[in-house]
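Q: Take a look at the following structure, please.
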Amino acid sequence: MQDLLTIGGHTFTSRFILGSGKYSYNLIDSAVNHAKAQIITMALRRTESSAENILNFIPEDVTILPNTSGSTTAEEAVRTAHLARELSGSDFIKLEVVPDKKYLMPDNDETVKATETLAKEGFIVMPYVLPDLNIARRLVDAGAATVMPLAAPIGTNKGLATKDLIQILIDEIDVPIIIDAGIGRPSEAAAAMEMGADAIMANTSMATAKNIPLMAEAFRLGVEAGRKAYLAGPGRIIERGAVASSPLTGLSK
Amino acid sequence: MVIVNGEPVAEAVGLNIQTFLEQRQTPVDHVVVELNGHIIHRPEFENTTLSPNDKLELITFVGGGR
């Protein structure tokens, strides 16, 4: 049976989502063709006549996931979501409410408020949060399609700093848990997927690699390896002693 | 003056949004227009004329995220 990721009734075979904050043709091409990304996030900003539009880089079969970055309150995020829907023609919205400029920490309470409003308006809301079980439950009650906890602050490549808190969300929350920030290496993507995360989102880790296409492929393999390991069910751990793996009888002396 | 993305633009007064975007060489398919806080849908661009003191926001997708 095919292993699909379902978000708001839409299905995807890929569990790697690309952020496009640091983008180039090479990065988008690598993410789509080597990392097999089917979802790419984008931000909304005022037009600049000189800039080439990012949409010209995006293959048609890729789902655009607009974000509300730049929003510092629920009200601003709702406005940005409305603009995004008009532009993309789709209901997907990656909800980000980030008043803090130093650590880029999301405001969980404002995020819940915006989720309530947007879900009622028919958006497929994918909120970015600091991993917290109570907030995640409130998000689900408010109609969130996923919960997207940060692994480490945005753009840091620091890996699974919030690992234990993310594990609680994976164990207790029924909507997809998508790891949203901080994943710096394919091994960390694999570890998160092996824990039971439903997908990984990354950008900086690929964009700042020396060989982008090769790193994109490494991320695909990492995500796939972790997913298969999760589905397979990792073997048990023996806390003390050892278990012989060769026969203890029939030894030649 | 019409305030376009925060900047005063005198020559925008009296133009409809469609014409204004074409003169600015803004790709119509890639822009969302907000006039005085309200989104203007694409089919309404030709029927919406810009008036003095209007506040026009022209928004598009840019690279963004992680």
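Cβ coordinates are placed from backbone N, Cα and C, and glycine is handled just like the others.
Pulled these features from TrEMBL for this protein:
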- A:6-247: domain 'Thiazole synthase ThiG' (DOMAIN)
- A:LYS94: active site, schiff-base intermediate with DXP (ACT_SITE)
- A:GLY155, A:ALA181, A:GLY182, A:ASN203, A:THR204: 1-deoxy-D-xylulose 5-phosphate binding site (BINDING)
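Each of these features: where is it, how hidden is it, and who are its neighbours?
A: Computed over the domain 'Thiazole synthase ThiG' (A:6-247), the whole-number mean pLDDT of the model equals 93.
Note on A:LYS94 (active site, schiff-base intermediate with DXP): other Cβ atoms within 10 Å of its Cβ, all shown chains, come to 29. Under the three-state DSSP scheme, A:LYS94 (active site, schiff-base intermediate with DXP) falls in the strand class.
Within 10 Å of the C-beta of A:ALA181 (1-deoxy-D-xylulose 5-phosphate binding site) there are 27 other C-beta atoms, taking all protein chains into account.
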Q: Between the Cα atoms of A:ASN203 (1-deoxy-D-xylulose 5-phosphate binding site) and A:LYS94 (active site, schiff-base intermediate with DXP), find the distance and write it as a whole number of Å.
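A: Each residue's Cα considered, A:ASN203 (1-deoxy-D-xylulose 5-phosphate binding site) and A:LYS94 (active site, schiff-base intermediate with DXP) end up 15 Å apart.
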Q: Just give me the nearest neighbour of A:LYS94 (active site, schiff-base intermediate with DXP) among the binding-site residues A:GLY155, A:ALA181, A:GLY182, A:THR204, Cα to Cα.
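A: Its closest listed neighbour, by Cα, is A:ALA181.
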Q: Ranking the binding-site residues A:GLY155, A:GLY182 by other Cβ atoms within 10 Å, which is at the bottom?
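A: Across A:GLY155, A:GLY182, these binding-site residues, the one with fewest Cβ atoms within 10 Å is A:GLY155.
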Q: Counting only residues 6+ away in sequence within the same chain, which have a CB under 8 Å from the CB of A:THR204 (1-deoxy-D-xylulose 5-phosphate binding site)?
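A: Long-range Cβ contacts: A:GLY19, A:GLY21, A:LYS22, A:ILE154, A:GLY155, A:THR156, A:ASN157, A:GLY184.
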Q: What is the biggest Cα to Cα gap, in Å, among A:GLY155, A:ALA181, A:GLY182, A:ASN203, A:THR204, the residues listed as binding 1-deoxy-D-xylulose 5-phosphate?
A: 9
Q: Suppose we draw a 10 Å sphere around the Cβ of A:ASN203 (1-deoxy-D-xylulose 5-phosphate binding site). How many other Cβ atoms does it contain, all chains included?
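A: A 10 Å sphere around the Cβ of A:ASN203 (1-deoxy-D-xylulose 5-phosphate binding site) contains 26 other Cβ atoms.
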